[in-house]
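Chemist: Among the features that TrEMBL reports, pyruvate binding site is placed at 51, 215. The feature active site, proton donor/acceptor is assigned by TrEMBL to 142. Here TrEMBL flags 172 as active site, schiff-base intermediate with substrate.
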Ligand SMILES: CC(=O)N[C@@H]([C@@H](O)[C@H](O)[C@H](O)CO)[C@@H](O)CC(=O)C(=O)O
């Protein structure tokens, strides 16, 4: 791992491998790390987030996963970011202390979403209490209003945030409100925050307004293709970048119509990588055989600009 290196480029929001009977399966994480690096050219991970079913795991499971990712990623990955958000503040603080102790590259926190913060001050108070438990670890706010229902604008949240959270480094922005993202980027140029976009099907639009990279589920299996999009964008070859975005969009729009979420991501990742990711945990239920067959056929039918 590379301490001090800015978080940018693609970050895979990892799934949590599980055994057929629903226990976390740490034994495949080494293979998972190797697969991301060698097959997808993805060298950063976001662990225990939405895709990782972090909020469906208990504290011990979250800590074991964090440890395994940090251990296996130590000499191979650039960043291992651990999501430590929870509904309970002490639980989130415990996870933050643990992430610091094991040497995670960063921590991220989602807004509590049962009793919700009513305004910016309440949200910052919660985030601050977690961040202060890991005073030497870069801190990221994880904004995902479609799932949390917490719609406090990030532009507002960032105003003066360093006074409260000196370790604040950036935002994982999983929302379609690109005006909010644009204002965040525009107003925080001096701060050098990282803005990582989390709606994979719209990443190119976020890059155009200055996002530094992305955290998402599809970079587990479309990381190599999306990296080619990032390269085309960096070379100002917008026509090529669009082709990649349109094709990932074509796949996602196809699977979204069939019903797409974490369970389906686990199934896709299993057939693409060959690593058994197992079932999701209830209340999520596994992808159907029909979904798997259709998704596999669709993915195989796509002709990418690099000829694959
Ligand atoms: C709602 C949701 O799960 N969003 C995903 C996206 O990567 C999403 O799967 C993708 O854009 C396809 O819609 C990520 O933003 C979630 C994420 O990064 C995480 O697992 O923490």
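Including glycine, each Cβ sits where the backbone N, Cα and C put it.
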Chemist: Distance between residue 142 (active site, proton donor/acceptor) and residue 172 (active site, schiff-base intermediate with substrate) at the Cα atoms, whole Å?
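Modeler: Just about 5 Å between their Cα atoms.
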Chemist: Among all the protein chains here, how many other CB atoms are within 10 A of the CB of residue 142 (active site, proton donor/acceptor)?
Modeler: 27
Chemist: Quick check on the recorded positions: of 51, 172, 215, whose CB has the lowest count of neighbouring CB atoms inside 10 Å?
Modeler: 51
Chemist: Whole-number Å distance between the CA of the residue listed as 'active site, schiff-base intermediate with substrate' and the CA of residue 215 (pyruvate binding site)?
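Modeler: Each residue's Cα considered, the residue listed as 'active site, schiff-base intermediate with substrate' and residue 215 (pyruvate binding site) end up 7 Å apart.
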